[in-house]
Amino acid sequence: MTVLPASPRAVAVEVLCLWATTHNSIDPLFQTAIEQLPDIDRGLVKTLIYGVLRQKEYLDHILRTFAKHPLRKMKPRTLMTLRIGVYQLLFLSRIPESAAVNATVNTLKAASQPAWLIGFVNGILRAVARQRTQLPTPEQMTQAEPPILNHPIWLVDRWRAEFGEATARAICACNNIEPPLTLRVNRRQTSRPLLKALLEKSGIMARNGFFSPVALIIDTFPGAVAALPGYQQGHFQVQDEAAQLASLLTGPLPARCRILDGCAGLGGKTSHLAEMLPSDGAIVAVEPDSRRYRLLRDNLRRLGHNAQALPVRADLRAYAATRPQPFDAILIDAPCSGTGVIRRQPDIRWNRQPEDLTPYQQTQVHLLEIAATLLKPGGVLVYATCSLEPEENRETVRLFIERCPCFALEHAAAFLPENARRLVNAAGFFQPNPADGMDGFFAARLIHRP
């Protein structure tokens, strides 16, 4: 990425322009862009970028009321500058109107844009500022015909078919709000009451999670996670309640058990499984990407799991080719469309297309087939995604069992805390959605029958 301007609004414009032209995931673009920014500016940059992506359809509706030119004909810089300006005016009441308009317009001056364009954007933003109390709210526009739900219609239609109208709308509403920060307490290092007290001592209010016995939820925290008390000491890992519950489906873990996390990523579930291990157990975590592998290794060290957790830089196929000893339990948290975590990664809704689902499903089934060769008879295979789409969830499980009939589905409810069992559907799959107050998720517990 090229050197970015220092102004938070200018950085937000540049990142959104990069996203619009590359369709890359927004989080890596954001993380790279803020590396040279002071901490005080990082929160505003994130608020602007993620807020615009969450409210894009609504912002564009407002802009069409004021702009004479079709939005589709505007260059990315013009459109993103307008969206950022309107977002501040309508959603960030703490920012004075003059600052929202002037500082946003100044990003165009800093980018050496022509005077007529600067005047065009300035005029629209000032007109929105004058009339903002008369404009329809996002909530009012959800009742319009057609409704503005800030999601592509193909995705909303899928959720209507899968969950019904009311739940589909509730999922959209949850996805349009910034989610809280959820922590998983590392019980090898501390306890939930002790960590909660440590946070509150620093003025950070936390509440117990509703479903997971090791979850703490911080509703408002604009700073860096690494600055939280207890982070450097390994007292917690950032992890949504849905992901915390999914790991429980591997249990109970026998003495001297060996576990494999076949798609480890940054190690959220790896570290949770390590905390669940008996003292003589071990876990292998496979991750091919060099950046994610490095973060996986660092996380395991920070959380104190070096002795029992072995990170391996390889993909699952390459690792299987080394012919490791069979495992008692395997977790496959597979690559997926990510439609269950749109509230945290709002660009997913705009980046995905219906035709993406088939390639994901093919990869998922392939990973399960590899995992099947590494599991002991009688062992447990947990398949998980952060997708809401049936092709990636129950259909993937169905295809896998057709190809590997020695596997059988086991009902998930018995392995979850009692108050979380309502998140298991009639078929036995763990399947919460954002309307349940957590990320959308799917997990199936499969048994390798001897």
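Any Cβ shown, glycine's included, is placed from N, Cα and C.
Annotated domain 'SAM-dependent MTase RsmB/NOP-type' per TrEMBL: 171-449, in sequence order.
Taken from TrEMBL, the feature S-adenosyl-L-methionine binding site applies to Glu287, Asp315, Asp333. In sequence order, Val286, Pro288 are the residues of the chain that are 6 or more apart from Asp315 (S-adenosyl-L-methionine binding site) and have a CB within less than 8 Å of its CB. Asp315 (S-adenosyl-L-methionine binding site) carries neither a helix nor a strand DSSP state and counts as coil.
Residues within less than 8 Å, Cβ to Cβ, of Cys386 (active site, nucleophile) and separated from it by at least 6 positions along the same chain comprise Ala242, Ala243, Cys336, Gly338, Thr339, Gly340, Val341, Asp439, Gly440, Phe441, Phe442. Secondary structure at Cys386 (active site, nucleophile), taken from DSSP and collapsed to helix, strand or coil, is coil. Positions annotated as active site, nucleophile by TrEMBL: Cys386.
Within 8 A of the CB centroid of the S-adenosyl-L-methionine site residues Glu287, Asp315, Asp333, the other residues of that chain are Asp261, Gly262, Cys263, Ala264, Gly265, Ala285, Val286, Pro288, Asp289, Arg292, Leu316. Each of the binding-site residues Glu287, Asp333 was scored by the other Cβ atoms within 10 Å of its Cβ; the lowest score goes to Asp333. In the predicted model, residues of the domain 'SAM-dependent MTase RsmB/NOP-type' (171-449) average a pLDDT of 98. Under the three-state DSSP scheme, Asp333 (S-adenosyl-L-methionine binding site) falls in the strand class.
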